[in-house]
Amino acid sequence: MTIRTLRDHGQHYRPRMACLKKVEAFVVEMQDPKSGVKASDQKLNITSIPHVITGQDILAWIVTKMKVTTEEAQAFGTMLVAYGYIYPLQNHRKLVLVADSTLYRFQTPYFWPVQKWPAEDIDYAIYLAKRNIRKKGMLEPYEQEHYNNLHKWMNYKWDFIVMQATEQYKASKERKKPDRVVLDCQERAYWIVHRPPRRTHSGMDYGLDRLIDPNAEENIFLTQALMRSAVKSSVSLTAFVKYVTTHHTHDPLLTNPVPSNPWITDNDEFWQLNMRNVDIPTKLSVERWALSFWELISDQRGRADFKLFLKKEHSGENMAFYEAAEEMRWGAATAIPEKSQFIFNTFLKPGAPRWINIDGRTMGLTVKGLDCPHRYVLDAAQTHIFLLMKKDTFYRYLKSPVYKDMQKKALVPAPHNFTDAQLEANAKNRNPGISPIVLWQQQEAEKAAAAVAARPIDVKAMVATNKLDRK
């Protein structure tokens, strides 16, 4: 295996599942006692750690074994560190190969990314709780932040998490001190890779299952970027002036918000009227929906109204597919294979319950790309559906009774005229904002309800249930 082989598999030497077996064999060869990287026992503080290697020895071995330049060997070694095959003993947050006397160790195969163990939040919470017990509450700032967030999110089962962490801590106390230090370093290196601190580059951010098929003849996204034409500055400025002219009544910096600016008057009625899940929106919000299709679907209340119109037209599968593609693009990397299979079975497979109508070429590219799913595999189909709704369905929605009824029901709040005494009273009686965690829980509940509503109906099961009820 050469560096060129790895380079052909993706940008920045990102390995694919087809290549990871070779990387695994290469790492095993590096650990060979006779022909591998020279390892020795080193003291870390006052504890002797076995099988420790240095960065310069790793680099020299890669150069000799692969017959490549120092720069290529450095890039390949950094890839091994970034993906967790090798981890630093001292500076855990620096996931690069430093070609000096910096100490490293080989990660145990149990934690290799080729195993594809899902990095679950509950496992991370148990690890942080155990580390909190060991360090007596002295966690690093980023660990403390994650610990507090997980404590809030998993408060209902935190007793179980602490119990598991305590049992693991007691079991580790029975091991010898060098073994305890090694195991702690291995766990910490695993979570540094899978839950990196802020502003820390993580190789796993690219993932193992969401890359473009290396056997494809061309990269469609690169081709589209190269074909994109440049725009003259005069055209850009004209479009910018047009945009500002159209949107200036909706910009709180250019036009006073109605009923009042909450940052000045300390009255939160403006925020209450423009919340995501409000029953009846304001007239200004409804007017903004008509500016463009993007404005409509960017507003959660407008998207819900648009879905109601699609349901009446029996074309709700278009918006459902668009939202599923968005969830796959911005969701967790571990859920990509499952989501891609769900999208294929629901929207793309011949005879699917919510089959979408796209052209044959786009359908062929999308289905072929799902053999090696990644975040952007649905871009072509999603763009096709977006343009279909933008050019056709959106204008029919603006002329429909659904939109006209919403225009009639929309609220027109009266502007506030607070006196100085009332402003002082507002400042003293200022209401606390809604917790972001509560908003996140509401969004998750809405998504779950929407997923249940969008699930295809099994008529046979319903008939069988009705028969049982009658009996």
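Yeah, the Cβs are placed from backbone N, Cα and C, and that goes for glycine too.
Unlike curated records, TrEMBL annotations are generated automatically.
These come from TrEMBL:
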- 33-108: domain 'DEP' (DOMAIN)
- 292-407: domain 'RGS' (DOMAIN)
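Looking only at the domain 'RGS' (292-407), the predicted model's pLDDT averages out at 90. Residue counts for the domain 'RGS' (292-407) under DSSP (helix as H, G, I; strand as E, B; rest coil) come to 87 helix, 0 strand, 29 coil. The helix, strand and coil residue counts that DSSP assigns across the domain 'DEP' (33-108) are 25 helix, 20 strand, 31 coil.
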